[in-house]
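Q: Mind having a look at this structure? Questions to follow.
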């Protein structure tokens, strides 16, 4: 099985928010100014890129989706440069021009890949009549699959609550990248995407993952949100939804050069994926992968479909990710040539919980590579009953593949993975629970090949069945 990209070409997204122009001056520096203790930069390259809400729209358009952008600008060279840059990448702009204000511009001076200073040219748009923005939203609602409200606290979203209500009445999901600590103004949004510092500024410092979940769920209830996605830098992302287990996704970034605009990339990919008809869990998976790409670039950047595809599929080239059985056999053969010990386990992994994560981490410590074989939906139904699985196969595999402990994820259709194990022949076969080694499917084949079979204990108190029962009781209550 392969993870396929969303059909971005059928996705329509409108972005409304604070648009700005990012200017970059690049050059070498080799001396200190005689006028003051500051470096002298000899500027040899000047770049201009859309920033803020405009960068969100750029990220959406770069995926091949239909992006529309609404915001406030002045009537100046910066507005014209912004419009031209966006038109060049197929973003449809419908700006409201405010003659009394300049277009927000941020100038960054860089040398040797280091940002030395940033200069801001702006006056807030507070007090500007929001009606033209509302009219543009109303005109687009019938032809878009998601509305993004990109808030940089510059005034374009002064009437954000009215915008939310317009979209929700039309059945269009509203995604918001929030600013400040007044989350009351975002009441009723479909999804908020604060980073960890923004989240903690509202709910207080969180020392544990459990505190993030507890306070995040309270925030969802307090402000009538459908979901909350907390982006946590090197710790990845946490998706919280009422009635569902938390989804924690580790970062996929390999190198971090610049986090400028990473939040814009996340919400842009989320919106485009949802507008293409994918689930919120899938949207988070793709957004997490995209964030891992964009922080490896310098300055405000976007992610192309090819880069995103390489991020989610290309892990197979380096020995990671969701694979077909044939791809897995090739990856295992390559691992053996490198002298790596291959560990294999299997299960349904319907609602991933702390017990699963702990078990998989312990299994991974026993070797160099960990394979997780997952029951298909039909296999799960035969094993667990008609009400299972709760999460379909592709979503279960995506979540498992995002775990740091897991190298390869593969599915099987049969009641047991015996045939699959016989074809892979891992060096170590691991199963959780109270099995006897000889009872484990595939054990005979592994032993016959000189391998080992081991039973690991699950963490006490963790059970998918118990989680489902608790959710059902909470709904009744």
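The backbone N, Cα and C atoms fix where each Cβ goes, glycine too.
It should be emphasised that the depicted structure is a prediction, and the values quoted were computed from it without experimental measurement.
Relevant sequence annotations retrieved from Swiss-Prot are reproduced here:
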| type | residues | note |
| --- | --- | --- |
| REGION | 1-318 | region 'Ribokinase' |
| MOD_RES | 179 | N6-acetyllysine |
| BINDING | 195, 196, 197, 198 | ATP binding site |
| ACT_SITE | 264 | active site |
| REGION | 344-477 | region 'Cytidylyltransferase' |
Q: Just checking, which of 179, 195, 197, 198, 264 (recorded positions) has the fewest C-beta atoms within 10 Å of its C-beta?
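A: Sparsest of the recorded positions 179, 195, 197, 198, 264 by Cβ contacts within 10 Å: 197.
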Q: Give the distance between the Cα atoms of residue 264 (active site) and residue 196 (ATP binding site), rounded to the nearest whole Å.
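A: Residue 264 (active site) and residue 196 (ATP binding site) have their Cα atoms 15 Å apart.
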Q: According to DSSP, does residue 195 (ATP binding site) sit in a helix, a strand, or coil?
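A: Going by the DSSP assignment, residue 195 (ATP binding site) falls within a strand, counted as strand.
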Q: Average the per-residue pLDDT over the region 'Ribokinase' (1-318) and send me the rounded value.
A: 90
Q: Rounded to the nearest angstrom, how far is the Cα of the residue listed as 'N6-acetyllysine' from the Cα of residue 197 (ATP binding site)?
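A: Between the alpha carbons of residue 197 (ATP binding site) and the residue listed as 'N6-acetyllysine' there are 11 Å.
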Q: Can you list the residues of the same chain, besides 195, 196, 197, 198, whose Cβ falls within 8 Å of the ATP site's Cβ centroid?
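A: Those within range, site residues removed, are 194, 199, 200, 201, 230, 231, 232.
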Q: Provide the three-state DSSP residue tally for the region 'Cytidylyltransferase' (344-477): helix first, then strand, then coil.
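A: Once the DSSP states are binned, the region 'Cytidylyltransferase' (344-477) shows 57 helix, 26 strand, 51 coil.
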Q: For the residue listed as 'N6-acetyllysine', which of the three DSSP-derived states applies: helix, strand, or coil?
A: coil
Q: Report the same-chain neighbours of residue 196 (ATP binding site): residues 6+ apart in sequence with Cβ closer than 8 Å to its Cβ, ordered by sequence.
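A: The answer is 206, 230, 231, 232, 233, 235.
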